[in-house]
Structures are given as structure tokens and as C-alpha cells.
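Record features, source TrEMBL:
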TRANSMEM  33-56  transmembrane segment
TRANSMEM  129-150  transmembrane segment
TRANSMEM  156-178  transmembrane segment
TRANSMEM  185-204  transmembrane segment
TRANSMEM  216-238  transmembrane segment
TRANSMEM  281-302  transmembrane segment
TRANSMEM  364-383  transmembrane segment
TRANSMEM  389-407  transmembrane segment
TRANSMEM  419-436  transmembrane segment
TRANSMEM  456-476  transmembrane segment
Amino acid sequence: MTKVDEFQPHPVKEQLPGVDFCIRSSPPWPEAILLGFQHFLVMLGTTVFIPTILVPLMGGGNVEKAEVIETVLLVTGINTLLQTLVGTRLPVVMGSSYASIIPAIAIAFSSRFSVYANPRQRFRQSMRAVQGALIIASLLQILFGFFGFIRIFARFLSPLAAVPLVTLTGLGLFALGFPQLARCIEIGLPALIIVVLLSQYLPSFVRSKRRVFDRFAVLFTVAFVWAYAEILTVAGAYDNRPPNTQFSCRTDRSGLISAAPWLRVPYPFQWGRPSFNAGDAFAMAAASFVALVESIGTFIAASRYGSATIPPPSVLSRGVGWQGIGTLLNGLFGAGSVCSASVENAGLLGLTRVGSRRVVQISALFMIFFSILGKFGAVLASIPLPIVAALYCVLFAYVASAGLAFLQFCNLNSFRTKFIIGFSLFMGLSVPQYFNQYLIISGHGPVHTGLTSFNNVVQVIFSSAATVAIMVAFLLDCTHSCRDSVTRIDSGRHWWGRFRYYSSDTRSEEFYSLPYNLNRFFPSF
């Protein structure tokens with residue numbers, strides 16, 4: 001026996017070891033509250049970013065932007081509570097989907113709203129159209145979830161196909177990382193360095209029974225760099241800089257604090273009765289489909305960092321169904337975007353090693369609280385986006401690594417495995433890059449027919465890295481050498497076979513059973 005033979009490969013782990021608190025456990029209440037507030041801070045980036053893009057295009061000003069952000073906070077809190085209580089039961093935050101941006105912009109630029117000279121009136125009419133599109137689009141997620149289509153798909157999903165899905169759910173958002181950080185490099189880069197030092201290096205130098213620096217690295221980073229950005233702003237460092245630099249770097253340029261009311265409760269149909277258009281609905285349904293796919297990847301990553309087993313197909317289907325209810329609420333309240341599982345918050349589970357369901361539910365209460373107390377929420381929402389982008393560089397990476405972890409179930413010495421993994425990852429990155437570059441250069445996507453809604457449908461679907469990757473990987477895994485019995489082992493299907501049905505493994509009941517005997521109304525198969 002050689003010296004190399006003495007070393008054994010790392011054993012396969014169906015549940016991730018090293019997690020301090022799993023789905024069912026929770027840290028002490030003071031620590032849980034701080035961790036919940038940290039999840040709230042992380043989800044603010046997407047919450048602010050999407051309305052910041054959409055509201056001005058619709059004709060709204062700072063007042064309308066503040067109202068939309070408050071609305072998003074409220075419905076995100078409600079949807080997160082629903083998902084953690086009666087959905088997948090995983091510690092996931094149900095926020096907004098970036099896939100909604102393309103169809104929402106198409107609605108905002110629609111010629112039928114150009115007749116409104118008053119910007120505020122144009123905003124209300126545009127938002128009502130977005131609401132109608134969201135209400136129709138929610139039916140797709142509800143249908144796929146509660147009628148079992150996702151359950152059928154998930155039963156054929158192998159670890160091999162899950163690798164590109166989960167990996168590109170994180171990596172596919174790379175444009176929101178360093179490119180956004182670099183918009184104000186003097187505050188974005190220090191934030192990235194600090195969060196890496198606090199979470200990865202400092203714990204090894206400061207030996208302590210209590211995990212402080214790595215567990216609260218996000219809180220420390222935001223506090224330090226935000227204060228630093230405030231000093232630069234007050235000192236006049238950006239007084240004579242270009243407008244884009246001032247918008248990204250200054251702490252007083254968001255316009256949210258002065259525009260937000262002290263107390264306001266968002267309510268359904270606050271901008272009037274929704275209007276419906278078939279073209280808008282089809283484009284938003286495509287965004288709903290993309291959000292569905294990316295949410296499945298996030299659910300799987302969250303189950304890994306919550307030290308749970310892989311969610312059974314019926315649990316994923318149940319979660320997608322409640323995601324559809326969330327999109328319906330978004331449409332009724334006027335949140336302006338499709339409901340989707342937050343990738344960054346799933347990454348935070350890995351950073352803190354706390355996959356507690358209770359912590360995420362506490363964060364949902366923070367969302368609801370700050371949605372009503374507008375001024376306080378606006379202060380936190382005015383954090384410069386380059387700071388948030390620095391956090392994304394770490395948090396998205398954790399989700400990507402959760403996807404790569406499923407390679408342990410596959411035969412990496414198989415050329416079939418190598419081809420499917422490599423080809424699906426490459427196409428998942430390459431195809432969206434082509435579609436996005438074409439859109440930037442030409443002002444429209446590569447599919448440019450006379451039917452705008454069809455163009456938007458194609459653009460939305462093929463702009464999503466995770467969606468392209470799972471379509472390629474799932475098709476190849478189900479068809480390439482499918483008659484060969486060895487492929488089942490190469491793809492790792494035998495590892496997930498025991499989780500294909502809810503009752504096949506007792507751990508499914510431990511992690512995913514519904515409270516208050518609700519399984520009678522939402523049975524798991």
C-alpha cells in the first residue's frame with residue numbers, strides 16, 4: 001500500500017455537517033433577533049433596487065418609490081411567513097424576482113400610456129397594468145405547484161441535473177456583484193474586504209466559544225462602511241463628482257427618507273383597479289416561470305444550509321404553489337414584481353451557519369414592522385447599493401457552492417457526467433450573456449418579431465442562467481444513454497431515491513411536516 005492509498009475520500013453526506021443550528025433549532029432569542037435583523041438588511045438590496053429602476057420609468061417620483069418599497073416589504077414579510085409556515089417550511093425569504101424587470105419595463109414603455117401627460121397618473125395606470133399581469137402570472141405558479149407538475153419534474157431530478165440548477169442560481173447573478181460594487185469602488189471594495197476578513201479569517205485568530213464575527217459579519221460590515229460613506233458624504237468628497245457617482249456613493253441621494261411617510265399601511269388596490277392585457281400577462285408569466293425555476297434552486301440550497309435532507313418532490317410542489325399565492329398578493333398590493341425565493345438570504349444561511357426557520361420568521365416580522373413605519377424603513381433602505389453588492393459577492397457564492405456540493409453524489413470519472421455538467425454550465429452562462437448583450441447593444445433582443453409579448457417571453461426565459469442550465473441538464477440527463485443502467489448510478493439517482501416520496505424517509509417528516517395538523521389539507525405524497 002502506498003502512502004497515497006492511506007487517504008480515504010471524503011464520505012458522502014446527505015445532510016451538511018458543521019451547521020450550528022438546523023431548520024428546527026434556534027439560537028437564544030437575543031441572538032435570533034439580531035440574526036433576523038441581519039436577514040432583513042440583506043433582503044433590502046433587491047427590495048430597493050427593483051423599484052429604483054421601475055418606478056421612474058413608470059413616471060413615479062420619490063414618493064411613489066417609497067410607497068412601492070413599503071409595499072414590497074409588507075408582502076415579502078407576509079409571503080415569507082406563509083412559505084416557512086405552510087410552504088416548504090425551509091428558512092427562505094420570499095422576495096422579488098429580477099426576471100420581472102423586462103416585462104415591467106415593457107409595460108412602462110407601452111404606447112398606450114403615452115397619452116397621460118401627468119407623470120403620477122401615468123405611474124398609476126402603468127402600475128395597474130403590472131398588477132393585472134402579476135395576477136394572471138400567479139396562476140402559472142399556483143397551477144404548477146398545487147396541481148403537482150413540479151412534483152412530477154422533481155421526481156426525475158437527479159443530483160447531476162441539480163448541480164447546474166443550484167450553481168447558476170447563484171452564479172447567474174454575477175452582474176449584481178462586482179459590477180455594481182465598482183460603481184463606487186471606494187466604499188464597495190472596503191465592504192467586500194471587511195466581510196471576507198470578518199467571516200473567514202478573524203474567527204481563526206480570535207478563539208471563542210461564541211461565534212460573533214463570522215455570524216454577524218454582515219451587521220458589522222454594513223455599520224462600519226455605511227458610517228465611512230456618511231463621513232465621505234458630509235466631508236464633501238462627492239460634491240463635484242458626476243451624477244451617477246453621487247447617486248451610488250452618497251448616503252443622502254436616495255430621496256427615500258424625505259419622501260417616506262412616518263406611518264402608512266399598504267393595502268390592496270392602492271393604485272386603483274388592476275387592468276389586464278394579454279401581451280403583458282404572457283410576458284409576466286414567463287417571468288413567473290423563471291422565478292419558479294430559480295426558487296427551486298434556492299429551496300434546494302436552503303435545505304443544504306439548514307442541514308436538512310433534500311426536499312421531497314411534494315414539498316417542492318407545495319412551496320411553488322404558495323409562491324404563486326405570494327405572486328398573487330404582489331399583484332393585489334402592487335409590489336411590481338413576481339414573488340421569488342431570495343438567493344442572497346439563502347447564502348446568508350451558509351455564511352452564518354444558522355439555518356433556523358425561526359430566525360427567518362423573525363426577519364419577516366422586521367419587514368412588516370418597517371413597511372408600516374416608513375421613515376425608519378427608509379433610513380435603512382438608503383444604504384448605498386455598492387455596500388449591498390459587496391455582500392452579494394459572498395452570499396451568491398455560497399449558493400453556487402451549495403450546487404457544486406451535489407457533485408459528491410455523482411460519478412465524476414464518467415465522461416457522460418463530465419459532458420452534462422460542463423455543457424449545461426457553459427450554456428447556462430453563454431446563452432444569457434448573448435441575449436443580454438444583444439439587448440444592450442440593439443435595444444431589443446435577438447428575437448425581434450412583430451409580436452412584442454412573444455419577444456419578451458423569449459428574452460425573459462433565455463436571460464436566466466439557471467433556467468437555461470436546468471433545461472439543458474434535465475433534457476440530457478433524461479435522454480443521454482438513458483437505457484444504460486449505469487447512468488442511474490453515475491447521476492446519483494440512487495442517493496435521492498429514498499427522498500422521492502415523502503414517506504420513504506422519516507427525516508422528511510422531521511423537517512417538512514406542516515404544523516397544527518395541516519397535512520390534512522395539504523397532503524404530501
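All residue numbers here begin at 1 and follow the chain in the order shown.
Cβ atoms here come from the backbone N, Cα and C positions, even for glycine.
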Which of 33-56, 129-150, 216-238, 364-383 contacts the transmembrane segment (281-302) most, counting Cβ pairs under 8 Å: 129-150
Same chain, outside the transmembrane segment (364-383) by at least 6, Cβ under 8 Å from its Cβ: which residues? 36-37, 39-41, 43-44, 47-48, 66, 69-71, 73-74, 76-78, 80-81, 84, 93, 222, 226, 251-252, 254, 256-257, 259-266
When you look at the transmembrane segment (33-56) alongside the transmembrane segment (456-476), do they share 3+ Cβ pairs under 8 Å, ignoring any pair fewer than 6 residues apart in sequence? no
Would the transmembrane segment (419-436) and the transmembrane segment (156-178) count as touching if the test is at least 3 Cβ pairs under 8 Å, pairs 6 or more apart? yes
Sort out the residues at least 6 away from either end of the transmembrane segment (389-407), same chain, that have Cβ-Cβ distances under 8 Å to it, and list them. 16, 42, 45, 159-160, 162-171, 173-174, 176-181, 183, 188-189, 191-192, 195-196, 199, 218, 221-222, 225, 297-298, 300-301, 304-305, 343-351, 421, 492
Tertiary contacts of the transmembrane segment (185-204) (same chain, 6+ residues out, Cβ under 8 Å): 211, 213-214, 217-218, 220-222, 224-225, 228-229, 232, 249, 351, 384, 386-387, 389-391, 393-394
